[in-house]
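**Student:** From TrEMBL, for reference:
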- Arg43, Gly68, Asp141, Leu142, Glu168: S-adenosyl-L-methionine binding site (BINDING)
Amino acid sequence: RFAVSVGYWKDPYIQYFVRQAKERKAPEINRGKLTEILRYYARVHGVSYLIKAFLKKTECNCQIVNLGAGMDTLFWRLKDENLLPRKYFEVDFPMIVARKIHNIKSKPPLSKPIMESHSGDSLLIDSHSLDSSRYSIVGADLRFSSDLEEKLKKHNLDIHLPTLLVAECVLVYMTPQQSANLLKWAASTFPVAMVINYEQVNMTDRFGQIMIENLQRRQCNLAGVEVCRSLDSQRERLLLNGWETARAIDMMKVYSFLPQADVKRIEALEFLDEKELFEQLMQHYCICWASKDSSNL
């Protein structure tokens, strides 16, 4: 929310989900915060690039399943760009879903786009799920894929449609076995599918160990961190669980691929004096994507 308010990228919907921190009169971005903002910038643009490539390739005749979606605003942003898939699903813990549904119901800029894209019978909504013809949000635990599949099918998941699954900082909170089961379920369920995974990488070096220790001090346990050893281990997980092709690149590489004019613009917003810290941080996150494609899309 802070990054959007300063102008790093546009997201007119995040304000309805995240309260603005109290403004200071002379806001200064400390160096740790600035490196994090630039990492988020690369994440938002990198993931978005892959999602839009999939939508264009399928001509939006597809579905998206956003796993562990939290307060993500992608559905609304895609609608603004006229890039909505046939159906957009979000999944998260019931407690998170309840909070998001409350925000959607109480804020017309969020509820109106759902109503506008809805056709057919009346919209189904209760405290832990919302189902319209183009948008669904489901309360489920991703560690139990049979329960997840049952709930998604109740909301008209179509396993024959090309399907994009998105997981941003989600799999790392599961044990390696649990994330393997989820990836295996997705690969075996959809004949044409792609998965995008954004999370940590290179976590066995000193910088990675310090990251883990800092998170542990905040009672944040990365149960699946052993799969985050390297780009190779990230790719292997995807290939071993039924995906046909898999790629992984670190966020420094992603940052170098972004449109240079926009990178110059955002780097001018605040002086980055800690280039080395920034590069180290970016080398410890990655985007991986994998596909299986029975129809040669």
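Cβ coordinates are placed from backbone N, Cα and C, and glycine is handled just like the others.
Just so you know, TrEMBL annotations never went through curation; they're auto-generated.
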**Student:** Neighbour count, 10 Å Cβ-Cβ cut-off, for Gly68 (S-adenosyl-L-methionine binding site): what number do you get?
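**Tutor:** Here the count is 19.
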**Student:** For a quick check of understanding: given the listed S-adenosyl-L-methionine-binding residues Arg43, Gly68, Asp141, Leu142, Glu168, what is the maximum Cα-Cα distance in angstrom, as an integer?
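**Tutor:** For the residues that bind S-adenosyl-L-methionine, the greatest Cα distance is 24 Å.
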**Student:** Around Asp141 (S-adenosyl-L-methionine binding site), which residues of its chain at least 6 apart sit with Cβ under 8 Å of its Cβ?
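**Tutor:** The answer is Phe93, Asp147, Leu148.
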**Student:** Take the Cβ of Glu168 (S-adenosyl-L-methionine binding site) and count every other Cβ within 10 Å, whichever protein chain it belongs to.
**Tutor:** 20
**Student:** Sorted by position, what residues of the same chain at least six away from Leu142 (S-adenosyl-L-methionine binding site) have a C-beta under 8 A from it?
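**Tutor:** Same-chain residues close to Leu142 (S-adenosyl-L-methionine binding site) (Cβ under 8 Å, separated by 6 or more) are Leu67, Gly68, Val91, Leu148, Val170, Met174, Gln178, Leu182.
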**Student:** Within 10 Å of the Cβ of Arg43 (S-adenosyl-L-methionine binding site), how many other Cβ atoms can be counted across all chains shown?
**Tutor:** 19
